[in-house]
Amino acid sequence: MEQVAGPVGSRRSVRAWSASPRTSPSFHRRMAQTTSARYGGRVTLACQLDGSPSPSPSWYKDGEQLVASERLRASFDGQTAQLTLDGVRVSDAGQYSCEARSEMGSIVCCGRLEVTDVPDSFPPPKFEPGLVDTNAVEGQPTQLTVRLAGPLPPDLEVKWLRQGRPLPNCEDFRYVDLGKGRFALHLADPFVEDSGLYTLEAEGLFGVVASSARLSVAPGGCSRSGCEAEDEKSNQVPECIRAVEQSAAVLANGSAARKELTNGKHKERDESPARVTQGPRDATALRGDSVTLRALYSGQPEPTVRWLRAGREIRQESGRVAITTKHGETTLTLMNITADDSGKYVVAAHNPLGSHCHFASLAVEGAPDAPSGRPTVTVTGASSAVLAWASSPYDGGRKVISYRVELRTTGGEWNVVAEDCNALSYTLRDLIPGQQYSVRVSAMNIHGFSHPGHESNPFTPAELVPRKMSTVEDEEEISDDDALTLEGRVEVVRCEHSFSSRYHTHEELGKGRFGTVFKCTKVATGQKRAAKIVRCIKAKDREQVYEEIDIMNSLRHPKLLQLEAAFETARDIILVTEYVTGGELFERVVADDFTLTERDCILFMRQICEGVLYMHSQNIVHLDLKPENIMCRTRTSHHIKLIDFGLAKRLEGDEPVRVLFGTPEFVPPEVISYEPISVASDMWSVGVICYVLLSGLSPFMGDNDAETFANTTRADFDFDDEAFDAISQDAKDFISALLVQRKEKRLTAAECLTHKWLAHQNKTKQYVTLSTDKLKKFIIRRKWQKTGNAIRALGRMANLSARRNSAAATASSGRPSVCSRLSSLNEEQPLEPAEAADTNALMSSLLSRKVRLCSARSDSGFSEATSREDSIDCPNCPPTPRTLSAGAQSAAGEKGWRLEEEAS
């Protein structure tokens, strides 16, 4: 335990903790080797950092460290370091580097910035009028104004100088852009020492133009610096004359000479402008500690030194601040530091010959604040419950790396049940039925744990049961005749006849690339089940099915499709799941006997979030949430099931996971850019589903997949369509909080459940009937979109078959290579005339029977991850009802299409 001294001798304890191994800085993702930026535009350079403790990034251009300004901004969120340049100039081109440094070492990555679309020439502007000599009175605000006439380039930079030295844009000397080429320098409180030659320099593609004038500041009430003495014989000199005589003549070397009259003789003394010779250094301090910033300065006459923060002068008004300035040294001491003290501190030195400043950054760190709000508890069984909580409002200046969960019975002692939880949810197990419990959560960073958060409301496992979701008060409960009663983990039974002895197989429900789904009956109980028979010839195929079984074993929740048994034979693996008969949710709500309201959407979305929350509590991401994978429990029920875990992934530790599959309209931006995924990736898909359910419109749908991906990466969506006129603002806020480009800022599943829209806090518009016309068109479009892909692929396969037959008949021609055969199936290529003829010839037979298709990718290379029976319907006819099979049937990276006709 390390003791940290406070400001008055008191001591507080900070628990040092390291939950992860200390590693040297590394780049998880480097910046691009070459980046192009348009002249006058904006560009962002970025890289992702790893390391423990978290490294600090610094940016350099051509070997020189960059300093933040209004045009140049650097940011770091603990993972991604970004450098943003506004108004790109020709001079911005060059070699940029980012150095990541921590106590474990440092590492550098580089990239080059090129400026494009630079105009051949740009005429220099003219001053109309330029600066004019100005008289001012001490203590009264004054302003120097100038106007630049002519076209101004986008990279125009304006800089004010006094006596040839740049002036900082601060409270005393404020740069003002008056618009239309007019610029001003505002002096809020001028002193006599502020007199001198002022210059405005304008720099751009044309070069540099400047205009200068002299400012004379007179003391007291006299604004004339050239008035004469009233009596030549008088020994007293007017104040205004004295002010002029005391002004210094600036020499070429920057120094000055002052003449003083002493005993009738002139005496010269060397003078120099004020300068901060050694600025304060960046500092890091723990909360409650003390820190001292130190700087050295020089100048003659003796400069006036001030410390500033956020543009305001720091004064010793409280006992927490101490400033000492003497003998060329100034110090600022801050005591009993709080998080509000972090930021940039400026030390400024000023004398009649010039001003100079320097700055340093203070980072305040410590244990994080406690998680905000009360934890929420959802009971999932007689002895288990899912706990969810919000993140800490302040992370203590360092990344929160884990949470500690404590549990107690009413009146009992707190017991730690988890000390290294990496998510915002946790599954409580082995609870005693009928016993009342409470929980609380603490956050942890490298400095230790926070104080415990608010205690949850007491809960009793036996009393909390899954809530009935219904749009009518008297809806009958779901029959439990076919409900699964699962205990323990499902193990794969390896026996040729085990399945047939326990289950009777009935009609086929669907067929996909990896297997066929049948309806079956459990011999012992007569309950209906679904059996998916997966053909596994290769070892890789078996591993994928084993992974799906392992994931489904972890998903014991009423909103998720449940696995009952698994059997393995020499050629197949059989998964037995519960039998879901209600069909797809979207087809249920567009039925003629269903009236869709916003309240219905709330009930459905709440169930979706409950299922997703449980998945995320098990560190599992679905990665293929879309309308086709949301089923109704029965045809008349409002209870839903999430299905298809074939693409689900388990997130383990800090190891980044990247994927290149998903459904284009529902895939999050990080998948498109091949960045690490997280549980927040599912929340993007939840937002898209909600948008479509409420409006019938796809928020990011483009004319093709490439345009869809572009819209997604920009998070380009709106609520301008008339379909949203009947939707409440709370619903729009809910969607907007999910469709956020940066996954860290999206709502979590737990936060969704506490959002005021899902919590029924505002019932305005909830009972307004929503039109489903556009939703019907959405469903038909998705059907025909897949059908069109299948028809196109079928034509190409027919053409491929014809080519192979032709090649076999020609003895002189060699066997086609694998590359050529794959290229003939390239979906990005347009149809050849022969292919189109083959397609037309096959169209009539294709439309006359049912065809099952499973797409392993769309035109863009992203997997549709679908396995179900599709009927090819006429666009002018109502869509044919269809039933989803259990489980997913696709794998990332595989290409091509497979069509299998249903046996007659």
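Including glycine, each Cβ sits where the backbone N, Cα and C put it.
No curator has checked TrEMBL annotations; they are predicted automatically.
Note that this is a predicted model, so its numbers are computed, not measured.
Of all ranges given (1-29, 117-145, 494-522), TrEMBL attaches the label region 'Disordered' to 1-29. Same-chain residues lying 6 or more positions outside the compositional bias 'Polar residues' (20-29) and placing a CB less than 8 Å from one of its CB atoms are 47-53, 55, 79, 100-102, 104-107, 109, 401, 654, 656, 675-676. Residues of the compositional bias 'Polar residues' (20-29) grouped by DSSP class, helix first, strand second and coil last, total 0 helix, 7 strand, 3 coil. Helix first, then strand, then coil: DSSP counts for the domain 'Fibronectin type-III' (371-464) stand at 0 helix, 42 strand, 52 coil. Lys532 (ATP binding site) carries a strand DSSP state (E or B).
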